[in-house]
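**Q** For reference, TrEMBL lists these features for the protein:
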DOMAIN    16-481  domain 'Major facilitator superfamily (MFS) profile'
TRANSMEM  15-38  transmembrane segment
TRANSMEM  50-70  transmembrane segment
TRANSMEM  82-99  transmembrane segment
TRANSMEM  105-128  transmembrane segment
TRANSMEM  140-161  transmembrane segment
TRANSMEM  181-199  transmembrane segment
TRANSMEM  299-316  transmembrane segment
TRANSMEM  336-357  transmembrane segment
TRANSMEM  364-385  transmembrane segment
TRANSMEM  391-414  transmembrane segment
TRANSMEM  435-452  transmembrane segment
TRANSMEM  458-480  transmembrane segment
Amino acid sequence: MDSQADRVLGREKKLTNAVIGFIFLLSGIEYAVILPTIWMYLQSLDAEPFYLGLVLSAFSFTELLVGPLFGYWSDRTGKTKSVIILSNCFEIAGNFMYFVGISKWFLLCSRLVAGFGSGAGASIFGYLTRVSSTKERAAVFAMAMACRQVGLLIGPAFNVFLRYSNFKLGPFHVNKFSAPGIFMCVLWTLMQPLVVFMFHDSSLKYLKTEEDEYDPLLVNETENSNEGCNRVYGAINYNGNQTIGTPFSSANDTAALLSHSSEDDLDASFPNTIKDQDHKNFEKVCPNGQLSELLREEVVVLLAAQFVTLFNQTALETLVTPLAQTYLGFQDLHNSLLYFMCGIEMLIGFLVVRILSRCSSDRLLLAFGLFICNISCIWCLVFMAKPRGSYGILLAEFVVGVFLQVLGLPFVSVCQVSLFSKVTAENTQGFNHGFRRSIGGLATILGPLWAAGLTDDLYIMLGVMMSLLVLLTAMVCFSYRSLIDPNSSEIQSQ
């Protein structure tokens with residue numbers, strides 16, 4: 001009977017993971033399909049140049065707002081599937097509005113509506129956190145991000161035939177500008193039945209049922225008078241109720257367990273589903289609210305990593321095209337090849353992180369990624385702020401700078417997300433990831449605005465980016481001992 005239940009669970013998890021992969025794939029395709037023609041689309045609607053910034057920022061703006069709300073919803077109800085279905089409806093509506101495109105304001109509203117659809121990302125990351133062990137979490141997140149990267153790579157291929165669109169669809173004229181909207185509307189519509197029939201919240205419910213079998217018959221309800229929280233092994237919720245695990249009368253009991261039990265002993269004493277819970281966070285999580293947990297030292301450092309990484313990435317993405325055109329004479333084809341090669345490098349980087357995460361700690365990979373990013377920013381500040389030399393030298397300096405920047409991104413982006421999921425309470429992962437993605441959304445709004453306004457003064461632009469990286473590196477160094485999985489055996493050596 002148990003083996004049959006295990007087979008059912010395994011099949012449901014595989015189907016659910018496939019759906020999640022397709023969702024990330026479509027998000028990457030949407031970005032790659034719409035971005036190349038959006039400026040020309042706006043020009044055809046008599047839009048001023050600043051509308052491009054507004055439309056590009058609109059998607060991130062709504063994601064910033066709804067991410068924590070959708071995450072909180074999935075935390076409270078445990079129904080990630082419902083969140084995804086609703087968010088896909090927003091994607092369908094937003095892309096259809098983009099297809100209709102009756103005015104520049106309507107186009108702006110279309111991206112605002114589609115941005116609501118991206119809010120499900122927080123719930124998905126929360127779901128992946130709850131159904132994966134801490135050891136495999138970085139690998140799981142790396143694969144999810146790799147799926148989006150694949151979408152970014154294959155997205156331009158669809159533009160090959162979309163650019164030749166010129167026909168009537170009812171009262172609407174389909175051309176190369178509006179075709180990406182109806183194309184993505186169809187893809188997100190096809191995604192809905194996959195979510196309905198293949199995504200299973202029941203795999204998470206089954207996981208909780210297994211854990212409940214190990215709940216104690218007698219529970220010590222004594223509370224610590226100083227902190228006002230029950231001492232429990234495992235995650236706790238914010239109303240003071242125990243969710244899973246075995247209670248302990250004091251922190252000394254927990255310390256004794258950690259000091260006298262090896263990792264193998266823990267493996268034998270507790271099932272993996274219990275062992276993988278964030279059992280150190282019970283000392284930090286109290287009923288004063290979810291936001292208080294996000295103000296802890298290690299959490300602030302990881303949120304800073306999220307902001308600085310995306311701010312610098314989007315700023316450099318904004319800078320690359322005009323810089324390559326001015327000094328290297330790159331045109332559309334050259335830029336397409338450049339972005340394609342960067343996408344290949346980043347995809348390989350995600351796969352490398354997935355492999356290394358099995359034998360290295362998240363904080364070590366994060367530190368390596370930050371080291372590469374610092375080297376990249378120094379290189380850009382020295383060689384690209386005021387380019388000199390022959391065409392060959394300029395091309396080499398440009399390629400090395402871009403290569404180093406892309407090389408460090410997978411390490412920082414995957415490891416900071418993985419660590420964030422481990423140092424925050426598991427029962428609020430949806431809200432936590434929503435807040436984290438809101439910080440990232442703010443960075444993706446400010447980064448291009450910062451770069452676009454200082455393309456003629458690269459020393460100031462790159463200097464501020466370098467200062468942010470140095471500040472982040474210092475924060476990681478000072479908080480290095482705190483950036484650790486609470487379930488890891490490394491904690492015994494500190």
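Every residue, even glycine, has its Cβ placed from backbone N, Cα and C.
Are these features on the surface or tucked inside, and what are their neighbours?
**A** Within the same chain, residues 52, 55-56, 84, 91, 95, 98, 114, 118, 120-121, 124, 127-128, 143-145, 147-156, 158-159, 162-163, 176-177, 180-181, 183-184, 187-188, 191, 194-195, 198-200, 203 sit at least 6 positions outside the transmembrane segment (15-38) and bring their C-beta atoms closer than 8 Å to a C-beta of that stretch.
Within its own chain, the transmembrane segment (50-70) has Cβ neighbours under 8 Å at 38-39, 42, 83, 87, 104, 107-108, 111-116, 118-123, 430-431, 433-435, 437-438, 441-442, 444-445, 448-449, 452, counting only residues six or more beyond its boundaries.
Sequence-distant neighbours of the transmembrane segment (82-99) (same chain, 6+ residues past either end, Cβ-Cβ under 8 Å): 23, 30, 34, 70, 73-74, 106-107, 109-120, 123-124, 172, 174, 178-182, 184-185, 188-189, 191-192, 195-196, 199.
Note on the transmembrane segment (105-128): residues 20, 23, 27, 30, 41-42, 45, 47, 51, 54-56, 58-63, 66-71, 73-75, 80, 83-84, 86-91, 93-95, 97-98, 137, 140-141, 144, 181, 188, 204, 417, 421, 429-434, 436-437 of its chain, located 6 or more positions outside it, place their CB under 8 angstroms from a CB of the stretch.
Sequence-remote contacts of a segment are chain residues at least 6 beyond its ends whose Cβ falls under 8 Å from one of its Cβ atoms, and for the transmembrane segment (140-161) they are 20-22, 24-33, 36-37, 124-125, 128, 132, 180, 183, 336, 339-340, 343-344, 346-347, 350-351, 353-354, 357, 410, 413-414, 417-418, 421.
Within the same chain, residues 15-16, 18-20, 22-23, 26, 29-30, 33-34, 80-81, 84-85, 88-89, 91-92, 95-101, 110, 117, 158, 162, 169, 174 sit at least 6 positions outside the transmembrane segment (181-199) and bring their C-beta atoms closer than 8 Å to a C-beta of that stretch.
Using a Cβ-Cβ cut-off under 8 Å and counting only residues 6 or more beyond its ends in the same chain, the transmembrane segment (364-385) has close neighbours at 138, 305, 309, 312, 316, 323, 353, 356-357, 397-398, 400-401, 404-405, 407-416, 419, 458-459, 462-463, 465-466, 469-470, 472-473, 476, 480, 483.
Residues 138, 141-142, 145, 305, 309, 312-313, 316, 320, 323-324, 327-328, 338, 342, 345-346, 349-350, 352-353, 357, 365-366, 368-373, 375-377, 379-380, 383-384 of the same chain lie 6 or more positions beyond the ends of the transmembrane segment (391-414) yet place their CB under 8 Å from a CB of it.
Same-chain residues lying 6+ beyond the ends of the transmembrane segment (435-452) with a Cβ under 8 Å from its Cβ atoms: 53, 56-57, 60-61, 63-65, 67-68, 71, 121-122, 125, 294, 302-303, 306-319, 417, 420, 461, 464.
Remote same-chain partners of the transmembrane segment (458-480), defined as residues 6 or more beyond its termini with a Cβ less than 8 Å from a stretch Cβ, comprise 297-298, 300-301, 304-305, 308, 311-312, 315-316, 319, 363, 366-367, 370, 373-374, 377-378, 380-381, 384-386, 450-451.
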**Q** Please give the average pLDDT for the domain 'Major facilitator superfamily (MFS) profile' (16-481) in this predicted model.
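**A** Reported value for the domain 'Major facilitator superfamily (MFS) profile' (16-481) is a mean pLDDT of 76.
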